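*Asks:* Structure provided below as structure tokens; questions to follow.
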Amino acid sequence: MLFAAVFAGFPAALLARFLAARVPHPGWVCALVPAALFAAFAAMGAGLGEAALVERLEWVPALGVGLGFRLDGFSLLFCLLITGIGALVCVYSGAYFAEKPRDKGASFLALVLLFMAAMLGTVLSDNLVGLYVFWELTSLVSFLLIGFDSHQVAARKAALQSLVVTAGGGLCLFGAILLIGSAMGTFSLSEIAARGGELTASPLAPAILVLLCLGAFTKSAQVPFHFWLPNAMQAPTPASAYLHSATMVKLGVYLLARFDQAFAGMPAFGTTLVVFGTATLLVGGLRALMQSGFKGILAQSTVGSLGLLVLLIGLGGEAAALATVGFILAHALYKAALFFCAGNAIHATGRTQVTQMSGLGPRLPLTAAAAALAAVSMAGLAPMIGFVAKELVFEAQLADAAGALAIALVVVGNAAFGMIALLSAVDPFWKRRDAPSEIKHRETPGLVLGPLVLAGLGLLFGLMPGLVAQTLIVPAASALHGAPIEASIYLWHGFTPMLALSAGVVALGVVLYLAWPRVHWRLGEWPPLVALLGDRGYYAVFDGILSLAERSTRMLQNGDQRRYTATVVAATVALVLAGLLLAAPGFAIDLDASALHPAPLAVLAFIVAGALAAARTRSLLAAMVSVGIVGFGSALVFLVNGAPDLALTQFSVEVLVVVILTALLLRLPLNPVPTRTRGERRFDAVLAAGFGLVVFVALAAMTAVPFDPRLSAFFAAASYPEAFGRNVVNVILVDFRAIDTLGEISVVCFAALGAWSLLRRRTGSGGAK
């Protein structure tokens, strides 16, 4: 069932691309897929209890690599958010692109379904290798969604930036996965969590922690990688609502939460998350003060929210697990609703700045109502689910005995959320400026369904927190914590320290909102702060890499084939020799003087003489003849050692080489003027001798490794009965490894076709023949 749920999105995306342009109301039609998956996950979750539903398919059993999916309370919460919001995004997208070419809307809907499938695969994967594959797929599809309006330079630039940052973090994550497999001997996420003590005891634990945090921080826009998410607001509004509320940006949070149990015995893990999470929370709030774009303000609040989630994971414990899950749910509901409302306001007016909108409430009444409900939840006011989540956040801090400074910083960060909520719900819809904004597009059912449903659910869940806690929050928190949690969540707990802190958050949020018109312009005009909090560092690194690549290309790719060859050979000699000397099991050279016969020795002397002649001659024709002597001598070595087929193959190759070189020499001078200095020729000699030394050391190291005859015995025994051939080598090539051989032949054929096409083009254009 899990396999079907994950992979259903891929054919659905393919069908959507072709059918959505040909059916009426394509958004509603495409929404049937995520809606059906939502119903399926809800049904599976109803019978899940405290157990987990597991499905596995072995991929590479010898390496412990397989495709395994695991549904527990925590992944169930994400699956419901991904599919539920995904269905609303499809409906909204159909209405959003209604007045644009149908192919454009169809392409976008296909990408949304593809992204949904990648997200489901990521949160359900129990094998880290499979998780990484889906993780990278989300980065690739998000690149296409952010840069969907590819005719805009800003969209292309933002898409490339998001891909560079998240894909770079993906490489770090892949390194962490490889180290985890080396340390634990498994890639199973559930097994790693259960054996967490072994991971923290490993000497690789610090490196794993650093790489894992880099992978998660880049995905979830943590400081110092916070800049890419607000820039990604160049994406169409449905993409922003989907990617930046409940899905992609929370993958880093999801990954860190999954490893919370494994790193429970490593204090550095919690400390790192608390420090970076707090910094991100404050940076998001501060940058929100500097913004005036509707979607930009919401994006900065998303950065701060992600920082708060990372902070909560770093606290650890039952209360933190409940707060993490509660805030994930609340944030997904109110943030997606607000993005939808922002999209409706922008779609209706054609303006993107909050300061350019006014008086939209009477003319967009349903959007204004949804924005008001979502903003109340975001501000943490009763009776919304956001109020319950904020109470859980402060309860987690108090349970962790956090200091006054830590609590004060979280209060300030949450106050910024309140300011953003007021900006989003009041200014565009109810604040009067010079003249009400002109309306170009009216509300339609597809545009208002998403915000109304999500904002309404925020209210419903806030009025019934006990039911939501027992069906969603507590099971997810128990799966996250690794043990059953007993908790009762109510809307009203009486006068508690958490309530006092919530009141302080609301009061400070109102103050920030009143000060925003004067503050945000001054902050935005302060260059040091803009440089510190912006993406200038990213472009400095990016431009530096391009500059380094240009300089290194100029130095290395200078048209000198000798230098190319020397660079490759020198690097090979250095790396291989270092590896052999540091990691080789030893060397063994077993010479039996009685086994030496005159014929092999004569052939070897023949080869050495040819090699020396090729190195010393300055005539191309003599060099060709000398190289041919070496090749034919190698064929004779195979022949005298009982391998006539290999000798015949080598003879054929040498004949072809001689023919080709002869054809080339017809166009070149036979005695070119020497251009190499004596020092350069000596360097070539040292390099050649080093390469020969590496080959010798490698062979000596191979002879020291105990020989395992099982594979040789199998081929020798199976060649004739199974493949009807007595020549074992030939049978291996054409039967047991037929696909490999076909691939090698294909490479040669493609190379020949490429060379032929280039030569044919040159001949056709009047070049030399």
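Just so it is clear, glycine is given a Cβ too, placed from its N, Cα and C backbone atoms.
According to TrEMBL:
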- 63-101: domain 'NADH-Ubiquinone oxidoreductase (complex I) chain 5 N-terminal' (DOMAIN)
- 125-410: domain 'NADH:quinone oxidoreductase/Mrp antiporter transmembrane' (DOMAIN)
- 160-184: transmembrane segment (TRANSMEM)
- 204-229: transmembrane segment (TRANSMEM)
- 263-284: transmembrane segment (TRANSMEM)
- 321-343: transmembrane segment (TRANSMEM)
- 364-389: transmembrane segment (TRANSMEM)
- 401-426: transmembrane segment (TRANSMEM)
- 489-516: transmembrane segment (TRANSMEM)
- 595-613: transmembrane segment (TRANSMEM)
- 605-669: domain 'MrpA C-terminal/MbhD' (DOMAIN)
- 620-640: transmembrane segment (TRANSMEM)
- 646-666: transmembrane segment (TRANSMEM)
- 681-761: domain 'MrpA C-terminal/MbhE' (DOMAIN)
- 686-705: transmembrane segment (TRANSMEM)
- 741-759: transmembrane segment (TRANSMEM)
*Asks:* Counting by DSSP, what is the helix, strand and coil composition of the domain 'NADH-Ubiquinone oxidoreductase (complex I) chain 5 N-terminal' (63-101)?
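*Replies:* Secondary-structure composition of the domain 'NADH-Ubiquinone oxidoreductase (complex I) chain 5 N-terminal' (63-101): 25 helix, 7 strand, 7 coil.
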*Asks:* Looking at the transmembrane segment (263-284) and the transmembrane segment (401-426), are there 3+ C-beta pairs under 8 A, with each pair at least 6 apart in sequence?
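*Replies:* Yes, since the transmembrane segment (263-284) and the transmembrane segment (401-426) share at least 3 Cβ pairs closer than 8 Å, they count as touching.
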*Asks:* Within this structure, do the transmembrane segment (364-389) and the transmembrane segment (489-516) have 3 or more Cβ pairs under 8 angstroms, counting pairs 6 or more apart in sequence?
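*Replies:* These two stretches do touch.
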*Asks:* So if I exclude everything within five residues of the ends of the transmembrane segment (364-389), which remaining residues of that chain have a CB under 8 angstroms from its CBs? That is, six or more out.
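*Replies:* Residues packing against the transmembrane segment (364-389) from afar: 301, 323, 326-327, 329-331, 333-335, 337-338, 340-341, 344-345, 348, 414, 417-418, 420-422, 424-426, 428-430, 439, 443, 447-448, 451-452, 454-459, 461-463, 465, 468, 489, 491-492, 502, 505-506, 509.
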*Asks:* So, by DSSP, how many helix, strand and coil residues make up the domain 'MrpA C-terminal/MbhD' (605-669)?
*Replies:* 55 helix, 0 strand, 10 coil
*Asks:* By DSSP, what is the split of the domain 'MrpA C-terminal/MbhE' (681-761) into helix, strand and coil residues?
*Replies:* 71 helix, 0 strand, 10 coil
